[in-house]
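First comes the structure, then the notes that go with it.
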Amino acid sequence: MAQFFKAKPNRSKQLSSKLSLNVTQLDHLGAGIAHHQGKIVFINGALPGETVQVQLTEQKKKFSRAKLLKVETASGERVSPLCIHYEKCGGCDLQHLNVESQRAHKAKALQELVAKFAQTTASQVCETLSDSPWHYRRRARLATWFDKKTKHISLGFRASSSSDVVEIQSCVVLAKPLSALIPELAFLLNQLSGKKALGHVELTLADNGIFVVLRVTKALSDKDRQRLAEFGASHSLNMLLQDDDANTESLSGHGQQPFYSFNDSDAELKFSAGNFIQVNASVNQAMVNQAVDWLAPQANERVLDLFCGIGNFSLPLAKSGAEVIGVEGVPAMVEQATVNAKGAALDKVSFYHADLSADLSQQPWLGKVDKMLIDPARAGAYESMLSLKKLKPQALVYVSCNPASLARDSEVILKQGYRLTKIAMVDMFPQTHHLESMALFELGK
C-alpha cells in the first residue's frame, strides 16, 4: 500500500460548499472543463459528459479550479486506473480515460493549438504514432526523501505539482524489469548507513542491460559501497554512483556505456547518465522512421539537424547518403554523437556545438542547407526559426514535445514562406496528457 510523505506541510485552502457540475470537454492538459457562475472551472480527473460533485479550491477572475469529490454520472470512456498509486503519484494523469480516447483527445488538442496560434491547418493529418500503453518507459528518475524522525528513506515519484514523494511498489508504465526492481531497491537503500547522502535514482533499460545510477551528495562508506556492489552483481545490474559534479563510478556490471539501436540498423547510440534519450523505444523508432520518410534525404543533399543530442535523428538521416550536420547546445552530447557516428562508420555526418538561440547562418561550417530537422526542448526554438529566411531549406521537420511551443514557432515558420503540409500526434507518453508531435513544413512555390 502506498505511503505518502510530505517534505513540508501545505498551506490549507478554503473550500467551497459542494457543487454538482456538468463537464463539457477536456483542456489540453487533460483536466475536465465545466462552468459555474459564468466562469470556467478546471477539474482534474473529470471527463466530458460526466456530472461530478466538486469543491472549489481556487477562484480567479476568469476561472476556478475544483477538487473532484465524486463522479455522479460517469462517461462511457471512463475506465478503472490500473495503477494502485494513481490518485497520489504525479507521474500519470489520464489512466481514468481509455487509451483510444486519450489519443483522440491529444490529437485534437494538438490541431486546435496550431490552428489557434498559427492560424493554419495541415494539408494532411497523419495517423497517430503509438504502441503499447503500458510498461513502455525504458528510463525513469525516482526521487528519494529521508524522514529524520523515522530514519526511513522513501523511493518513488513526486506528487502532482508538489515536492512530496509518493513511495511506490511498482509502476505500470515503467518497463517490467525496472518496475520489479523498485521494492528491492527501496529495501536496499534503507539498509545503508549513509541514507542521508542519497539523492535520486535513475533506472535505464538499455540494449546492453539494466543501469542503476544512484546520485550521492557525499562519499558512501566502504560497507555501503560493498552492499550496493553485491546487490548489483546478484541482480546482473550495472550499478553506478554519481556525485554532485556528475562524475560516475561503476560498482558492478560490464563497465560499458548504455546504448540503444534501431531495428533496421547495427549502429549503437551510446549515452551517459546525463544525456537525453526518448523513453519510449518503439515509438521513437516509428518517429525516426517517419522523419526520414518525410524528408526523403538524397545523396547530393545537405541536412541540418538542430538540437541533435546524441544523434537520434542524425545517424538514420546519414544512412541515406546525404551529408548531415548535427548541432547541439550541450558539449558532452556533441562529443557522444561524434563517437556514435564513428562507431557506425558514417563519414558524411559531423557534429558541432553552438548556441541554438543565436543566428547560425554565418557559421563557417554550415554552408548550403537543403533540408532541416529540429527537435527542441519544451521551450521550443523561436530564435532558430527566425533564421530560416537565411537558410531557406526546402523542407523542415519539426519534432516537438510541447504543442504550445510548436504552435508559436509555426507562426514564425509560416511567415517565412512555408506551408504546413503534414502533422502527426506522437503518443510517446500514454496515460499522461503529455504528447510529442511532428510537423512537416515545405517552402511555398
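Placement of Cβ uses the backbone N, Cα and C atoms for every residue, glycine included.
Among the candidates E249, E328, E335, E411, the residue that Swiss-Prot annotates alongside Q278, F307, N312, D355, D375 as binding S-adenosyl-L-methionine is E328. Within 10 Å of the C-beta of D355 (S-adenosyl-L-methionine binding site) we count 10 further C-beta atoms, all protein chains included.
The separation of C401 (active site, nucleophile) from D355 (S-adenosyl-L-methionine binding site), Cα to Cα, is 20 Å. Counting only residues at least six positions away in the same chain, the Cβ atoms of C83, H85, G91, R137, A140, F157, L178, S179, I182 sit under 8 Å from the Cβ of C171 ([4Fe-4S] cluster binding site).
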